[in-house]
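**Student:** So Swiss-Prot lists the following for this protein:
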type: SIGNAL; residues: 1-31; note: signal peptide
type: DOMAIN; residues: 39-95; note: domain '4Fe-4S Mo/W bis-MGD-type'
type: BINDING; residues: CYS46, CYS49, CYS53, CYS81; note: [4Fe-4S] cluster binding site
type: BINDING; residues: LYS83, GLN150, ASN175, CYS179, 212-219, 243-247, 262-264, MET372, GLN376, ASN482, 508-509, LYS531, ASP558, 718-727, ASN802, LYS819; note: Mo-bis(molybdopterin guanine dinucleotide) binding site
type: BINDING; residues: PHE794; note: substrate binding site
Amino acid sequence: MKLSRRSFMKANAVAAAAAAAGLSVPGVARAVVGQQEAIKWDKAPCRFCGTGCGVLVGTQQGRVVACQGDPDAPVNRGLNCIKGYFLPKIMYGKDRLTQPLLRMKNGKYDKEGEFTPITWDQAFDVMEEKFKTALKEKGPESIGMFGSGQWTIWEGYAASKLFKAGFRSNNIDPNARHCMASAVVGFMRTFGMDEPMGCYDDIEQADAFVLWGANMAEMHPILWSRITNRRLSNQDVTVAVLSTYQHRSFELADNGIIFTPQSDLVILNYIANYIIQNNAINQDFFSKHVNLRKGATDIGYGLRPTHPLEKAAKNPGSDASEPMSFEDYKAFVAEYTLEKTAEMTGVPKDQLEQLAQLYADPNKKVISYWTMGFNQHTRGVWANNLVYNLHLLTGKISQPGCGPFSLTGQPSACGTAREVGTFAHRLPADMVVTNEKHRDICEKKWNIPSGTIPAKIGLHAVAQDRALKDGKLNVYWTMCTNNMQAGPNINEERMPGWRDPRNFIIVSDPYPTVSALAADLILPTAMWVEKEGAYGNAERRTQFWRQQVQAPGEAKSDLWQLVQFSRRFKTEEVWPEELLAKKPELRGKTLYEVLYATPEVSKFPVSELAEDQLNDESRELGFYLQKGLFEEYAWFGRGHGHDLAPFDDYHKARGLRWPVVNGKETQWRYSEGNDPYVKAGEGYKFYGKPDGKAVIFALPFEPAAEAPDEEYDLWLSTGRVLEHWHTGSMTRRVPELHRAFPEAVLFIHPLDAKARDLRRGDKVKVVSRRGEVISIVETRGRNRPPQGLVYMPFFDAAQLVNKLTLDATDPLSKETDFKKCAVKLEKV
């Protein structure tokens, strides 16, 4: 599309706004103005975090050459963060993979062989043999897949169908297990439905923002720019930031709180106690819309059953709860006094009181934001439940400017991992594999025999590592993720299984990541606008984009790989006779015919695409594959509070927030006048629960799985930095971003460094009970840990910080705690 005068003016306004917000607009975006006639522009959501910013992608001669913030995108309003402006360069790293690579020796596959180029047919030949052998000898539980919150919606849906229906294996899990699983379980326990009830529009209407374990200044910078604008434009607006170390978000904080790791649970219960003691409960809301329950305690740490902590737990993995009275709940939180909380957390009393007053003040509209500080936590589900308690006690929920809001880290952790249901226990639209009715709904819609989908929950991310190591999981396909770098406890629990001769590991990726180089077969993958896609962001906004360029060489999309590989299997090879007898018409058919080339999926002709519109998969297959998969998937949520709009609407819009009913999106769920599922006169209805009421849980403080001691005397917290995203497999290939932050460092308090005879710039060995890495001492800069804690980002493949981390998880969500383990330092 051409740049109109209006668009040109908007682009200049964007540049001015970006400068005012401290956001960089690099030359690649500025230089496009003089080239408009030669560049074709189209919309897309950003490839990086879960904010879901809209961008305009400029293509020229088959390449992405420019990118700018989309002034018509309601999320970012024309702004991009530094990563977003460099999107054109993420696809053009010098080491981009362009053909399949198999470990070979003497002309055939060998686990210890060298990576050798092969054809796609050869790659699928080897995969077919490995899958069929495992299925025949050990059954569906011997194969698995690790997917991604970066999959497009239809890629995740196709993968889930292939494994849960085709291969009859629930051993499929996304990397969102490592970042959003605690949020999912927290939502389900409290509300009976997943995902936030509010939206980003809350920012411009809130009186107070409370960040719990969220460095939004670096991890969600566009949303942070909106919060900054709200705070600096209104003197009565307050910002509170809670963390175990000081970071850039503290620069805006009116109340910056540093607490002892794990003690956020104490603070949350203290605030609930403060609300009750100060008669700040919204009695009308509370009496009509809330139930009280006491949760099981001493639930363990998600470690192997043989671990001493698991043996000592009284209720390992228990999600049980029982009703309780208000008086009992009042007595429960009464134990969390101001004095006790200050002592356990290390937070001054006046700061705790100021924080509690924000929630207790009936005239303050409060938003609570959190990300990995809450979720990557051995009691992450509890932390989610406890922050909901504060909003339910005060009625500050499901209304403009008020509410709890779990922010996501990946572009489609919501839209794909959660909504599609690519977790080992989930199906589309909040359905689960353990529910016979839910399985039946899916089997009927997919026209497969009753009983095809297993009722047993599959292996979650950490359990997959353990099963590979134990030789129980033998064929493993990972897509769109770099778990050898990103997952916990690399040395003890992941690398042994990947390099075990009993196992065959496939990695689909655009680049030779740490994971790819540890695999047996690497499949080159198309990325971002090299394929047609859809993401769902943190505010329930589903966004589409068109394919705008073609992938290099033989690189193919994850969707193409899944669909084409399904052709290699006939139903007789994957389903037992008792299933085939129920639908004999499926005998002799391939999984491609049963799952993808069905009348339901293939009914949309390629002619619906514009004549010059790229869509490699659909043009090869002869039908509009993405539309067919999306419309089939969307059926599950329509009429059930997860309504998605018709496929074509999304290509016209800058995203729509579900539920979309009668063409209208929903900004605030569960409240009358905002949510189409709440009838007139109901006020609020949390319709995920049978009685329409949300749940307040009584849950105590319980300690971390590992804490500093005399030998390992420091806490280690891991995370990200502004310039890089996750493991850096894309951002480190952008020269400007790499130069801005070329290698990971160890952020440490100056006094802790001095006590160990360390100075800024020194090399230091960081050692845990599981491994060691060499890093660089940093006593200044953006992150300032308190004494007793160090912080390391995980983007650097040369410093695999996850050699150090413990594979302890929240026992309910199975999400790893990357924020708390014990280390010691040795000068190099």
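Every residue gets a Cβ built from N, Cα and C, even glycine.
Since the structure is predicted, the reported quantities are computational estimates derived from the model, not experimental observations.
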**Student:** How many Å lie between the Cα of GLN246 (Mo-bis(molybdopterin guanine dinucleotide) binding site) and the Cα of CYS49 ([4Fe-4S] cluster binding site)?
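**Tutor:** Between the alpha carbons of GLN246 (Mo-bis(molybdopterin guanine dinucleotide) binding site) and CYS49 ([4Fe-4S] cluster binding site) there are 22 Å.
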**Student:** Once the DSSP letters are reduced so that anything not helix or strand counts as coil, what is GLU218 (Mo-bis(molybdopterin guanine dinucleotide) binding site)?
**Tutor:** helix
**Student:** Counting by DSSP, what is the helix, strand and coil composition of the domain '4Fe-4S Mo/W bis-MGD-type' (39-95)?
**Tutor:** 7 helix, 20 strand, 30 coil
**Student:** The domain '4Fe-4S Mo/W bis-MGD-type' (39-95): mean pLDDT?
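**Tutor:** Reported value for the domain '4Fe-4S Mo/W bis-MGD-type' (39-95) is a mean pLDDT of 96.
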**Student:** Which residues, same chain and not among CYS46, CYS49, CYS53, CYS81, have a CB within 8 angstroms of the centroid of the CB atoms at the recorded [4Fe-4S] cluster site?
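**Tutor:** Other same-chain residues with Cβ inside the cutoff are PHE48, THR51, GLY52, ASN76, ASN80, LYS83, GLY84, PRO221, ILE222.
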**Student:** Once the DSSP letters are reduced so that anything not helix or strand counts as coil, what is HIS726 (Mo-bis(molybdopterin guanine dinucleotide) binding site)?
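**Tutor:** In the DSSP reduction, HIS726 (Mo-bis(molybdopterin guanine dinucleotide) binding site) maps to coil.
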**Student:** Are there binding-site residues among CYS46, CYS53, CYS81, PHE794 that sit within 10 Å of GLU218 (Mo-bis(molybdopterin guanine dinucleotide) binding site), Cα to Cα? If so, list them; otherwise say none.
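**Tutor:** So far as Cα distances go, the binding-site residues lying within 10 Å of GLU218 (Mo-bis(molybdopterin guanine dinucleotide) binding site) are CYS81.
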**Student:** State the Cα to Cα distance, in Å, between GLY213 (Mo-bis(molybdopterin guanine dinucleotide) binding site) and CYS49 ([4Fe-4S] cluster binding site), rounded to an integer.
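**Tutor:** So the Cα of CYS49 ([4Fe-4S] cluster binding site) lies 16 Å away from that of GLY213 (Mo-bis(molybdopterin guanine dinucleotide) binding site).
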**Student:** Here's one to test understanding: among the binding-site residues CYS46, CYS53, PHE794, whose C-alpha is closest in space to the C-alpha of MET372 (Mo-bis(molybdopterin guanine dinucleotide) binding site)?
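**Tutor:** So, spelling it out, the nearest of the binding-site residues is PHE794.
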**Student:** So which binding-site residues are near CYS46 ([4Fe-4S] cluster binding site), with CA atoms within 10 Å, out of LYS83, LYS531, VAL721, HIS726, PHE794?
**Tutor:** LYS83
**Student:** Helix, strand or coil at MET372 (Mo-bis(molybdopterin guanine dinucleotide) binding site), per DSSP?
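**Tutor:** Going by the DSSP assignment, MET372 (Mo-bis(molybdopterin guanine dinucleotide) binding site) falls within a helical segment, counted as helix.
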**Student:** Filter the binding-site residues CYS53, CYS81, PHE794 down to the ones within 10 angstroms of HIS726 (Mo-bis(molybdopterin guanine dinucleotide) binding site), Cα to Cα, kept in sequence order.
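**Tutor:** Cα within 10 Å of HIS726 (Mo-bis(molybdopterin guanine dinucleotide) binding site): PHE794.
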**Student:** Please give me the CB contact count at 10 A for GLY213 (Mo-bis(molybdopterin guanine dinucleotide) binding site), counting all chains in the structure.
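**Tutor:** For GLY213 (Mo-bis(molybdopterin guanine dinucleotide) binding site), the count of other Cβ atoms within 10 Å is 24.
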**Student:** Measure the Cβ-based neighbour count of VAL721 (Mo-bis(molybdopterin guanine dinucleotide) binding site), defined as the other Cβ atoms within 10 Å of its Cβ.
**Tutor:** 24
